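J.: So TrEMBL lists these for the protein:
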- 5-324: domain 'NAD(P)-binding' (DOMAIN)
- 139-161: region 'Disordered' (REGION)
Amino acid sequence: MKRILVTGGAGFIGSAVVRQLIDETEATVINADALTYAGNLESLGPARDHPRHRFEQVDIRDRAAVERLFRDHRPDAVMHLAAESHVDRSIEGPAAFVETNVTGTQNLLEAARAHWEGFEGAARDRFRFHHVSTDEVYGDLGPDEPPFSEQTPYAPSSPYSASKAASDHLVRAWHQTYGLPILITNCSNNYGPYQFPEKLIPLMILNAVEGRSLPVYGNGENIRDWLYVEDHARALRLVLENGRVGRTYNIGGRCERANLKVVQTVCQILNRLCPHPDYAYERLIEFVPDRPGHDRRYAIDDSRIARELGWAPKESFESGLEKTVQWYLDNQQWLDRVRTGEYRAWMETNYRHRVMEK
Ligand code: NAD
Ligand code: DAU
């Protein structure tokens, strides 16, 4: 594939995808991102100024802008990652999630369809629309239930996961109805460098280092399946190149951990890498009121992607988490850029009622 349109390429996972595509392929990458609070071009590193990287500040809610993108760049594949991605924000304000995740996806599908219908022969056969989605569409998993497979029925719990589920359905419908050659991936929780510090792992690292409470929702027993972001980006490239058209592939970390355990592991790493003179970081852990509709457990059965495409995660949770903690300790400048007034306002909104500052 010569020209790949990546949406959301200034976000956490999108920037990892763009960095890999620039470093490891010959493709030209058209990076379309609205640069919301979660998007930052500095997350691209040297890829940002690479001659094969073209940035377009485009809001996918704007249909005309999306159509222009396809006309100007004539991509032969789309990797669609742009989304509102934070569950807690979707509880505070669901509208943006429907607008970007549902209507934005529909705009892309319509523009991609018109573009693809204009192709003939090999170009038409080669075109792919790859929709990047989440394991949260499958909903709440009981402690003894088998992990989510591609056959698990959808049962989203939050406005975020409902909007992602709706977008998955649209993508599948565009394949069934119009024949658009689509791929869908549903992945578990990612962690790693450049993750916006509203999400569990970076939030805990920064709060600990700054001596603030570590707010664990509920009893901390909720389980997530953690995957290092570079492993996810590699899986996405494999699916795009070799995945079977019309298929869904689940991607996971083979790494189920309770939230409290994750936070304690972050504390242990910090106790070694940057010890506090007076206390162990675990002292800052505080149990706070739960997230409404909080899913107890996510876990992924990745046997399809393993069998068909030979993918497996490379990074272990322990080594990946240590790298991640070290990255946040070393990248104050990036943190200063992303922790804007908007970030501080969000922290106030989400934690004001929850946390008693120590
Ligand atoms: P993120 O919030 O870090 O980045 C999202 C990016 O999309 C940002 O750069 C933002 O500017 C951009 N964006 C938001 N609204 C936009 C709009 N209207 N138009 C154009 N750009 C817009 O998200 P992430 O964690 O990198 O997630 C990327 C994708 O992967 C999302 O679709 C998410 O649902 C999915 N996903 C995330 C995880 C995870 O653990 N983070 C796991 C599985 C799937
Ligand atoms: O499963 C994939 C999903 O993972 C992605 O689709 C989402 O985009 C991504 O944000 C992530 O969703 P989660 O809600 O699982 O991630 P988050 O980091 O917000 O929370 C992880 C767990 O930690 C969750 O059970 C809630 C809990 N938590 C989170 C925060 C922010 C806390 O206990 N305290 C907190 O302050």
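Cβ atoms are placed via backbone N, Cα and C, with glycine included.
Note that the structure is predicted; figures quoted are calculated from it, not measured.
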J.: Would you list the DSSP helix, strand and coil counts for the residues of the region 'Disordered' (139-161)?
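T.: So the region 'Disordered' (139-161) is made up of 3 helix, 1 strand, 19 coil.
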J.: Need one number: mean pLDDT over the domain 'NAD(P)-binding' (5-324).
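T.: That stretch averages a pLDDT of 98.
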